[in-house]
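So that you can see what the record holds, here are the features copied from TrEMBL:
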ACT_SITE  His141  active site, proton donor/acceptor
ACT_SITE  Cys157  active site, nucleophile
DOMAIN    48-181  domain 'L,D-TPase catalytic'
Amino acid sequence: MAGGDDDAAWYIGTMPDKPFDVPLVDRSRIDPKYRRQEVAYSGPEAPGTIVVDIDKRHLALVQEGGTALQYGVGVGKAGFSWKGDARIGRKGVWPDWSPTTTMVSLNPGIERSRKGGIDNPLGARALYLYQGNRDTMFRIHGTNEPWSIGEQMSSGCVRMLNEDIVDLFERVPVGARVVVKRSSKYRA
């Protein structure tokens with residue numbers, strides 16, 4: 001599915017935010033399995049842990065009492081995904097974007113940076129994934145392409161609807177554990 005000339009049809013309004021309002025997606029256009037919802041959770045991770053299931057295109061924030069908040073996500077295209085344990089090393093509000101060295105090597109004409117804003121690929125918020133003190137260059141972030149939720153098309157990051165990343169951003173602190181899982185069936 002693509003946005004194209006019909007991008008505006010994806011939006012139904014805005015949510016107040018600073019310095020930009022967050023565009024709200026018409027959730028009827030999102031497959032119900034990718035809509036934010038509370039679900040039963042029986043995994044071994046402690047409450048407060050973010051668990052990304054690349055195969056299912058879901059991100060779960062583990063809660064107390066055997067539940068999780070589950071969000072639909074877009075994931076890395078073949079050859080661009082990541083899996084493993086990390087932590088949130090920092091958080092960004094309407095962050096600036098710049099391509100990774102891999103993105104530049106594959107597309108030398110790519111834009112070298114973009115200020116935070118509505119048209120920024122990172123969207124309204126970003127959670128920067130670190131291992132130890134090293135930035136992995138992978139992010140959990142918003143998107144200005146809501147049709148990418150449930151798809152395998154990013155450069156490796158985990159994309160969320162902007163209103164969903166704002167919700168998650170408010171719920172998790174810097175230092176929160178992140179587990180990214182992927183089975184061998186997934187085209188890495």
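Cβ coordinates come from backbone N, Cα and C, glycine included.
Because the structure is a prediction, the values reported are computed rather than measured.
Put simply, Cys157 (active site, nucleophile) is 7 Å from His141 (active site, proton donor/acceptor) when counted between their Cα atoms. With DSSP classes pooled into helix, strand and coil, the tally for the domain 'L,D-TPase catalytic' (48-181) is 19 helix, 55 strand, 60 coil.
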